[in-house]
Amino acid sequence: MGYYALTETTAIQYAKEHGYFEKKANVFCHEIGDGNLNYVFKLDDGEKSIIIKQALPYAKVVGESWPLSIKRATIESKALKIFAKYVPDYVPVVHSHDEELAVTVIEDLSRLTITRKGLIDGEEYPLLSQHIGRFLANVLFYTSDFGLQSEEKRGLEGTFVNPDLCKITEDLVFTDPFGHYDTNDYEPELQLAVDELWSDKTLKLKVAQYKYKFLTRKEALIHGDLHTGSIFSSPSETKVIDPEFATYGPFGFDLGQFIANLLLNALSREEEQRSVLFFHIEKTWSYFVDTFTKLWIGEGVEAYTKEKQWLPIILQNIFTDVVGFAGCELIRRTIGLAHVADLDEIANKEKRIQAKKQALYLGKELIKYESKNADIQLFRTLFQQTVSGGVKA
C-alpha cells in the first residue's frame, strides 16, 4: 500500500490490525503532537494506552515546501533501542516500528510531564540532573571508541548517517542565527542586539569552529536534539524521547544543548527562583563525570584508557565543547527558527525582550570564552555577569 499519513481514525485501525487492541474495543484517539516534524497519537481503550508516532515527509513547522526523509523514524527507533541497551530506565519502551509507514509504537508516558512545561510551571524534579548525567555518560561512553570495539563503532556510524536532520542542525544551530537568513525570527526590539551579533567577526570564527566540530567529530552516538522538550519528568522518573536527530557527533553536543535550555529557563525566572536550575546544571556535569570515569576505569576497551593522564584531557575537551555548543543553542532558540516557550511566554513584554537580549549576550560570552582551566561554575559566573551587567530591554 505504501506510505500514507495517519489520521485519528486510521491510527485506531492500525493499532487494532497490529494487535494492540481488540477488534471490538472502544478506542479513543487524539493527535497530541506539539513538535515541529511529526504526528503523535495517543490511543486509549480505558484499560491500556499506547503512543503512535509517525514521521511526515516534510517539516510540519514549515509545510510541504520543506521535504524530509521519513527514514528518520527508523533512526529514532534504532536510537531508542540502543539507549535502552545501556540505560533502560531513562527511555520509553519501543513496542514496534514500521519502516514503510514511518510509524513507531511506544510506551505512553502520560503519567509524566514534558520537562520544559514543568519547569515553566515551577515544578521541581530533584533527580533530573542525576538521570540525565548518567544517561549521557552511559550512552556516550558505550557508543564511543572507549567503550566499543572500533569495527563495531564504525558499523554504528553507518547506521546513524542522518543527512536531513543533520542539515537542519547545521543550518538552524550553527549558520542561520549568525547572519541574514529567512528562517530567523525575532522581535524588532532585538534588532540592535542582532546587528551587533552578526557583525562580531570573532564570534563568527568561533561558531565556525564549533560547526566544524559537529560536522567532523564522530565521537559517539548523540541524541542530537536534547532540550527540555525532549524529556519527560516526574519527581522520581526521567525519560528521554524523540532522538530522530540521532547521529554520530561530538561528546559535548547533547550536554551543551541540555544546559542551554536550563539557562533559558533560568532567564525567565526571578532571581530567587534560579538556584534550582544551577543545581541541575552543576549536578548534571558532576554525575556525567563520575559515571564516565567509572566506566572508563572499569569498562574501557581502547588501549590508552589505561593511561591515567588521558581521561582528564578528554573531560576537559568535552567541557570546552559543552560551553560553546550551549552558547550556540542559546542564540538559536532566541532569534532562529523554533523558539522556546520559556522566553516566548514571558507575559510582560519588557521583561521578555530583556531576557532575550540577555540570552543573546550570554550565548556570545559562552561561545567566545577561552580557558583551559574552566569548570562547571563558569555557567553560573557568566550568567550572573549577564543579568547584573546592565543588559536591559
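Easy rule for this one: first residue shown is 1, then count along the chain.
Here the Cβ of each residue, glycine as well, is placed from N, Cα and C on the backbone.
From a predicted model like this one, the values you see are computed outputs, not experimental measurements.
Its Cβ placed at the centre, Glu244 (ATP binding site) has 28 other Cβ atoms within 10 Å. Glu244 (ATP binding site) falls outside any helix or strand according to DSSP and counts as coil. The ATP binding site annotation in Swiss-Prot covers Asn38, Lys53, Glu107, Asp108, Leu109, Asp242, Pro243, Glu244 and is backed by sequence analysis.
Close to Asp225 (substrate binding site) in the fold, though at least 6 residues off in sequence, lie Thr169, Asp242, Pro243, Glu244, Phe245, Gln257, each with a CB less than 8 Å from its CB. As annotated by Swiss-Prot, substrate binding site applies to Asp225, Arg332, with the evidence given as sequence analysis.
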Cβ neighbours of Pro243 (ATP binding site) where a neighbour is any other Cβ within 10 Å: 28
Cβ neighbour count within 10 Å of Arg332 (substrate binding site): 26
Farthest-apart CA atoms of Asn38, Lys53, Glu107, Asp108, Leu109, Asp242, Pro243, Glu244, residues recorded for ATP, distance in Å: 18
Count of other CB atoms lying within 10 Å of the CB belonging to Asp108 (ATP binding site): 15
Inter-residue C-alpha distance, Lys53 (ATP binding site) and Arg332 (substrate binding site) (nearest angstrom): 26
Lowest local Cβ density (other Cβ within 10 Å) among binding-site residues: Glu107, Asp242: Glu107
